[in-house]
Amino acid sequence: MNILYTITKYLASPIENFLILYFLIKYLDYKNDSTSSKVGGVLAVIFVTIIAQFTGTFYRSDVILPIAAIFVLWLYCRWALNGGAMLQMLCCFTPFIMITLINTLAYQLVAMSFNITVDALLTSESYILIWVFIITRVLLYVFIQVILRVMKRSKLNLRRREWITFLIVFLVSFITDATLYLMVRNNPTDEAMNLKALIILIGIIIIDIYIYHSILSLSQENQDILHMELTELKCKELERQLFQIKDAENRETKMRHDYKNHLACIQTLLLEEKYDTVIDYAKKVSDFYLQQSTASEICNNHTINAVLHAKSDVCQKYGILLDIKVAGDTSTLDGVDTSIVLFNLLDNAIDANMNNENKWISLEMYQEKCYFNIFVKNPINESVLKKNPQLLSTKESSGKHGLGHLNVADAVNKNGGIVEYYEKDNTFIAHIMMKI
């Protein structure tokens, strides 16, 4: 019996701490699924378990040591796991609040059922205490699974002041729970106070559940507001892009019209036998159009041509080599949606080239069965997807972060297409499949 009790007693804390680590990893996930991250987690659990062994050795250790353990786990989260600092702190607080509530409630209910004090229960070496240890850990696992299922379904999106408010509430709740537990243990014979403490504890549990519900509700409201703001920004950005596409299309139409006038002028000069003037005039016109457009006649879709024309000018301005290859009938593509895709992908590729010595962009378009493939490639010095998997913009105008990729996704989805981004041989590749 003593051996079984000793084993259970010494395993209770590590199991509890591994369950906490399990919750953190499952909800936040690793930044890098490396051996060092996993070893770091085990070391954090060992350190927290050692901290727990000093509980009761000094004044208010029941409150101070768990807070120290929360801080240790939070530091581990900052190093190895995903998520912001506030979210990680909330995730560290959550299991400790559950542990305090479950343990205190279980100890009080068992003690009242067997008509003994909580202190007597905890100092006994009976099968009852062993079963309490087992049941409380099982309950902790069950509650962790419930919270994971609920929280995983909705991404928490709170403002900084809201995070701080909720964290303060959880801290107060945790301290209150710990204080109630100490009151019950230090006054084992006061049955009236124990009953009041039990009622207060149940009230705290209800309040904590309501707080978690409030977090989820407020997060959903913030998400809806953010979605509305994002939709408005996307519309404004899309309007700007459509204006530029239309402007480029108008410039190309004007160039075609001017080109006819130039031919008429050359014809007149030839008839007048002003050959030197014709040669000089033709050279000027040729140089002008070579500078103005390398993409104007590359495909049979005027809207797409306009975008390629405009982006070719930008590439020429910044010394970026733009290689364009198109095969297939582009007239079958939706001109506006395809132009939005090309507009954004080429813009991103141009931005990515700004700090490169070897500046180049490759655009390849070809028809394959009922899809039109679009590949946009540009060189990279380091992995973009590893550093910025969400492909958020690094521009100073933070309000437009990632709008380009969102507009690409919208245009592609509208046409029943597919979007994928990947990297190969120090090259970032955007692959789009547009349904014809």
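The backbone N, Cα and C atoms fix where each Cβ goes, glycine too.
TrEMBL lists 336-434 with the feature domain 'Sensor histidine kinase NatK-like C-terminal'.
The feature transmembrane segment is assigned by TrEMBL to 37-57 (among others). Among residues of the same chain six or more beyond the transmembrane segment (37-57), those with a C-beta under 8 A of the stretch's C-beta atoms are 13-14, 17-18, 20-21, 25, 30-31, 65, 68-69, 72-73, 76, 79-81.
Taking Cβ pairs closer than 8 Å, the transmembrane segment (63-81) reaches residues 17, 20-21, 24-25, 28-32, 37, 40-41, 44, 47-48, 51-52, 54-55, 88-89, 91-93, 96, 100, 174-175, 178-179 in its own chain, all 6 or more past its ends. The feature transmembrane segment is assigned by TrEMBL to 63-81 (among others).
Among the features that TrEMBL reports, transmembrane segment is placed at 93-116 (among others).
Within the chain carrying the transmembrane segment (128-151), a Cβ under 8 angstroms from the stretch's Cβ atoms is held by residues 4-5, 8-9, 12, 15-16, 19, 22-23, 26-27, 94-95, 98-99, 102-103, 106-107, 110, 114, 121-122, 212, 216, all 6 or more beyond its ends. What TrEMBL lists as transmembrane segment is 128-151 (among others).
Sequence-remote contacts of a segment are chain residues at least 6 beyond its ends whose Cβ falls under 8 Å from one of its Cβ atoms, and for the transmembrane segment (163-183) they are 62-63, 66-67, 86-87, 89-90, 93-94, 96-97, 100-101, 103-104, 107, 193, 197, 200-201, 204, 207-208, 211, 215. Marked as transmembrane segment by TrEMBL: 163-183 (among others).
Under the heading transmembrane segment, TrEMBL lists 195-212 (among others).
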Per DSSP, how many helix, strand and coil residues does the domain 'Sensor histidine kinase NatK-like C-terminal' (336-434) have?
-> 37 helix, 32 strand, 30 coil
